[in-house]
Amino acid sequence: MFQIYHEGISGHESHYVFFLLIFVPVSPAGSISKDSRNVLDIVDVSCIVAYKEIMNFWMFYSMKGFLAALVYGSVSIAMAFLNKTLLSYYNFNQPIFIFLIQMCFAVSTIEALKCVKLVSIASYSFSKAKVMFLASLFCTLHSIFALIALKGMNIPMYSIIKRCTPLVNLILSVLYLKKPVPSNFIISSILLITVGCIVAGFGDLTFDVIAYSIGIISVLIQGVYQTLIQKVSEQNHTILEIFYYNSYNCLFYTSVCFLTNLNFLLCFFTVTFMGILLNYSLFLCTNLNSALTTSVVGILKSVIQTVVGFFTFGGVSINPLNILGIALNTGGTIMYSVEKLREKPKKMPIDINRRFRLLTMARTFLDYEAMIFRLSSTRGLK
């Protein structure tokens, strides 16, 4: 006959009461035998040891999770300001190119770590990475849409809009991942965050409908992307594998987007080629002429740039002070160029005469040398 018996753990673990449920033999009267009591004592000690191991394991991974969340939050804050600086302050409005460079750097870093044996991961292949194709697609779309939205929004409102992501994650976790419905308190807090975003958006004096619309789309895409990543991570894939395959997939998607923008490609490679040609022609002009000639050419081209700039890229708001300032600047440029060109010929004859005298002396010396050679040859024959 068997009976379910339970033992509690006393001491400093008393606030975590473990009930050990085991089957032990009992006497017909219902009392526990001495051998059974010894078994329970052994199991009780084993339970305490197991409890301590579980607590250490839980604390270790809880700390890792906390540090991971801390790093993610810190980097996310920094990236918002850095991206805003690049897009607005430096006017580099190329989100696809930015994300392409990020993925190139990520892939290159992992491949370099593989070469020096610091990480061990299987090489990229279609069969292994296909589980990440959909997640990588949404990751690419989210990054591009988020950068476009950040270009047209201020950072406070951008951060508030991004706080709507938990609502999307909440809905998808229940409908797609089949997770249990969170508590009412969690749902209420997420709804409060979302309502706050809507109210703050109506109070934004710099409200841009297009930027806000793209921001909302990026939030929806981010929710889908994070949910897909969570589903993939539950399929026995390591974090490094997920990051590695996602970087390669995003690199492919971004390259397709980048290469289909023919106008940008033409402009980008033309600028690259012209930049190389500009530096080479500057060195060539300075070497074959002088630094003075190069500077004069630079001044003359600035006059042409000013005139053309009046009618291109939005031009300038023309007013009397504007015209007067440009006229004075152009007049000074012309005066400077004329004066420098007048100074240069005065030195030219000196240089030419000096070179002519040197050439004459060299020719005379060669003539004398040839004459002496002929005389010596004639005497030798005699």
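Glycine residues also receive a Cβ, built from the backbone N, Cα and C atoms like all the rest.
In TrEMBL, annotation is done automatically, which means it is predicted and not curated.
Residues or ranges marked as transmembrane segment by TrEMBL: 15-32 (among others).
Feature annotation from TrEMBL assigns transmembrane segment to 65-90 (among others).
The domain 'Sugar phosphate transporter' annotation in TrEMBL covers 74-337.
Under the heading transmembrane segment, TrEMBL lists 96-119 (among others). Sequence-distant contacts of the transmembrane segment (96-119), counting only residues of its own chain at least 6 positions beyond either end whose CB sits under 8 Å from a CB of the stretch, comprise 83, 86, 140, 143-144, 147, 240, 243-244, 247-248, 250-251, 254-255, 257-258, 261, 264, 268.
Within the chain, the transmembrane segment (131-150) has long-range Cβ neighbours (under 8 A, six or more residues past its boundaries) at 80, 83-84, 87, 95-96, 98-99, 102, 158, 161-162, 211-212, 214-215, 217-218, 221-222, 224-225, 228-229, 232, 235, 237, 242, 245-246, 249-250, 253-254, 257. Annotation source TrEMBL lists transmembrane segment at 131-150 (among others).
If you look up TrEMBL, you'll see 156-177 (among others) marked as transmembrane segment.
Annotation source TrEMBL lists transmembrane segment at 184-203 (among others).
Within its own chain, the transmembrane segment (209-229) is flanked in space by residues 134-135, 138-139, 141-142, 145-146, 148-149, 151-153, 158, 161-162, 164-165, 167-169, 171-173, 176-177, 201, 242, 246, which lie at least six positions past its ends and keep a Cβ under 8 Å from the stretch. Sequence annotations record features per position, and here TrEMBL assigns transmembrane segment to 209-229 (among others).
Here TrEMBL flags 250-278 (among others) as transmembrane segment.
Across the domain 'Sugar phosphate transporter' (74-337), the prediction's mean pLDDT works out to 77.
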